[in-house]
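Okay, so here's the structure we're looking at.
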Amino acid sequence: MAMIPSISKLLFVAICLFVYMGLSFGDFSIVGYSQNDLTSTERLIQLFESWMLKHNKIYKNIDEKIYRFEIFKDNLKYIDETNKKNNSYWLGLNVFADMSNDEFKEKYTGSIAGNYTTTELSYEEVLNDGDVNIPEYVDWRQKGAVTPVKNQGSCGSCWAFSAVVTIEGIIKIRTGNLNEYSEQELLDCDRRSYGCNGGYPWSALQLVAQYGIHYRNTYPYEGVQRYCRSREKGPYAAKTDGVRQVQPYNEGALLYSIANQPVSVVLEAAGKDFQLYRGGIFVGPCGNKVDHAVAAVGYGPNYILIKNSWGTGWGENGYIRIKRGTGNSYGVCGLYTSSFYPVKN
C-alpha cells in the first residue's frame, strides 16, 4: 500500500461532504475494504465515513476527525499487510480502527489487578487431555446458556463482566432459566477489587456466593463505580454456592471445566493484532502478561471460544477463538494462567 500524504483541512472537509452526500444509508454490518480503496484519498475517506456510520463515531471537531483519519489509515495499512501473510486469523476495520495501539492499551487493557489469582480456592487436579472424557465440541451459546455480548465501555470492569458470564451460565444450567445479571453491582460492591481500575473475577464470584446478585435491568450498568446499592434494589435474583479454581497452566483442566460450564479466564489483550482482530483462530503475537478478563464459553479441536465485553463491533460479533493444543503451558496469550467458575448445587 502506497503511503498517502496528509491532506489539508479544507480539502478533507470538501471530500467528506462529497462522500457523505453519496453514501447509501444501508447495511454496513461488515465494513470491508478492497485494494482499490487504498489507491486514493477520496476512496479512503469514503471508507472512513462508512466505518464511522457503522460504529456511530462522532468527533468533537474537524481537527479530531482528521487526527482519527490518519490513525485509521495507518491501521488499515497494518491490517492489509498482516492479512497478506495468510495467518489462521485475520484483522479488520473493527470498532477500534481509529485508535492507536498505545491509546487502546491504556483504555481497554490493564484491568486485571496485580494479584489475579488466589490461594484461597482449591482445584481438582487434571493431568492432561487424556485424563478426561469430554466432547470434541462445546458451545454454550447453542445450549442457550449465554446472553448477548455486552460492552464495558472505557471502564476497566472486564473482571465483573467475566464473572457475570459464568454466573448466567451456571444458573441456566441448573435451573433452565437464562437471565442477565448485574455487572454494575459487582463494580460497586466488590471491595477487594478496584472498580474501573481493575479487579479480580474470583473475588466477584465469591461476593455472589456470599450475598447474591440482582438482575441487570434492576441494577443496570453505568460504566462508573458508585456506592453499593444492593439493599436499595430489593431481594437478590440469584445466588451461587461457592467458587472453584481451575488448575493453572493445564489445558486439559480448562477444557474439562468448560465442558461443564462457562469459565472466567484472563489473557494478554494489549497487542495490535488483538486490538484489530476480525475473525479466525488467533495465535498471537501476544505474551503471558495477562491484562484482561473474559469468559470461555466453548471449544473445538483446535481453539477455545471466548466471549469478550467490547461489544459486537469487535472480533466475531464480540467473540474470539484462541488457538489451543500448542504445547505451551501458559496457553496462547496466557489463557491458562488463572481460571475460575461458580458452584451451584
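From the backbone N, Cα and C atoms, a Cβ is placed for every residue, glycine too.
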Q | Swiss-Prot annotation, disulfide partner of Cys196 among Cys155, Cys158, Cys228 | A | Cys155
Q: Return the single candidate from Cys228, Cys286 listed in Swiss-Prot as disulfide-linked to Cys189.
A: Cys228
Q: Rounded to the nearest Å, what's the C-alpha distance separating Cys286 (disulfide bond) and His292 (active site)? Just drop the number here, would you?
A: 13
Q | Cα proximity to Cys158 (leupeptin binding site), best match among recorded positions Cys189, Cys228, Asn308 | A | Asn308
**Q.** Assigned conformation of Cys158 (leupeptin binding site) - DSSP reduced to three states
**A.** helix
Q. Looking only at DSSP and grouping its letters into three states, which state does Cys286 (disulfide bond) belong to?
A. coil
Q: Looking only at C-alpha atoms, tell me how far Cys228 (disulfide bond) is from Cys196 (disulfide bond), rounded to the nearest Å.
A: 14
(Q) I'd like the number of other C-beta atoms within 10 A of the C-beta of Cys155 (disulfide bond), please. (A) 22
Q) Taking the Cβ of Cys196 (disulfide bond) as centre, how many other Cβ atoms lie within 10 Å? A) 18
